[in-house]
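K.L.:
So TrEMBL lists the following for this protein:
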ACT_SITE  LYS8  active site
ACT_SITE  ASP133  active site
BINDING   PRO91, THR92, GLY93, ALA94, GLY95, LEU96, GLY97, GLY98, GLY99, SER100, SER101  ATP binding site
DOMAIN    64-140  domain 'GHMP kinase N-terminal'
DOMAIN    206-254  domain 'GHMP kinase C-terminal'
Amino acid sequence: MVVFPNAKINIGLNIVARREDGYHDIETVFYPIDICDIIEITPSPSGFRFECHPAPDGCPDEQNLAVRAYRLLQQEFDLPPLCIELVKLIPTGAGLGGGSSDASSVLKAVNDLCRLGLDDSRLEGLASRLGADCAFFIAGRPVYATGIGDVFTPVGLSLSGYHIVVVKPGVSVPTREAFSQVKPRPSSRRLADDVMLPVSQWRHCITNDFEAGVFALHPEIGQIKDALYASGALYASMSGSGSAVYGIFDSVPDGVADRFAGCFCRVMEM
């Protein structure tokens, strides 16, 4: 079985409060985009195997979210030994949710392959044990997320017809580093309402609270956002805690990818 875990972008991200357990309450909108990893799951008579291409630096296999998803199901079901082969095409350390999407795709694929009979609600419950945003990727529809990013309300947002340019520089931003630069504060506006405004108005009302601190530490990320606006983006923002930045365009200027030489750059029509 071959599946294609897709990435997401955050449209707006407000850090609302720090909780007593050390986590943060946020509000954001998760929106799926068409940058995908590839996962192939096949029977493995010789025992469980995991292969990742390219091999990740400093991440043991058992810590990979795809493996953790298999192990989580294995705790509850008598699974056959499988081989999970992962080809990483979604940039890591980017705020695009690649690892979370891999985990959810493994849950769904093993559920289907092994005929476990789990519905989406049950799969979402399992996914939430792997990471706050993992459950989003079970259904993969646009949602307004609150809590620690794990409480979802569907939003009727469609970016169909727009073009999105995603750019990730060579630098990655650890989530802990990004949070250390933010002072939580309640939002004066409701993001779920603002995303229903025309995209051309988002620049004036939708923000990512991580940007100021991250741009101060890594000016090249802020420069990418500026370059996207200079290229004609209706709206541009860092996704999650970075370091990927995206721009939403009515139409993409010729040669826009050439302006980001040395960076990962993907242009998509939604």
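Any Cβ shown, glycine's included, is placed from N, Cα and C.
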K.L.:
DSSP-wise, what's the residue breakdown of the domain 'GHMP kinase C-terminal' (206-254) into helix, strand and coil?
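P.N.:
Breakdown, helix to coil: 19 helix, 10 strand, 20 coil.
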K.L.:
Could you name the residues, excluding PRO91, THR92, GLY93, ALA94, GLY95, LEU96, GLY97, GLY98, GLY99, SER100, SER101, of the same chain that surround the ATP site, i.e. Cβ within 8 Å of the Cβ centre of those residues, in sequence order?
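P.N.:
Output for this site, in sequence order: ALA7, ILE90, ALA244.
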K.L.:
Out of PRO91, GLY93, GLY95, GLY97, GLY99, which of the binding-site residues has the smallest number of neighbouring Cβ atoms within 10 Å?
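P.N.:
Comparing Cβ neighbour counts within 10 Å for the binding-site residues PRO91, GLY93, GLY95, GLY97, GLY99 gives GLY93.
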K.L.:
Would you mind checking how many other C-beta atoms are within 10 angstroms of the C-beta on SER101 (ATP binding site)?
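P.N.:
For SER101 (ATP binding site), the 10 Å Cβ neighbour count is 29.
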K.L.:
Let me know the model's mean pLDDT on the domain 'GHMP kinase N-terminal' (64-140).
P.N.:
97
K.L.:
How many helix, strand and coil residues does the domain 'GHMP kinase N-terminal' (64-140) contain under DSSP?
P.N.:
41 helix, 6 strand, 30 coil
K.L.:
Roughly how many Å lie between the Cα atoms of GLY99 (ATP binding site) and ASP133 (active site), rounded to a whole value?
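P.N.:
That comes out at 10 Å between the alpha carbons.
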K.L.:
Out of PRO91, GLY93, GLY95, give those binding-site residues positioned within 10 angstroms of ASP133 (active site), comparing C-alpha atoms, in sequence order.
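P.N.:
Checking each Cα against ASP133 (active site), there are no hits.
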K.L.:
Over all shown protein chains, what is the count of other CB atoms within 10 A of the CB belonging to ASP133 (active site)?
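P.N.:
Other Cβ atoms within 10 Å of ASP133 (active site): 26.
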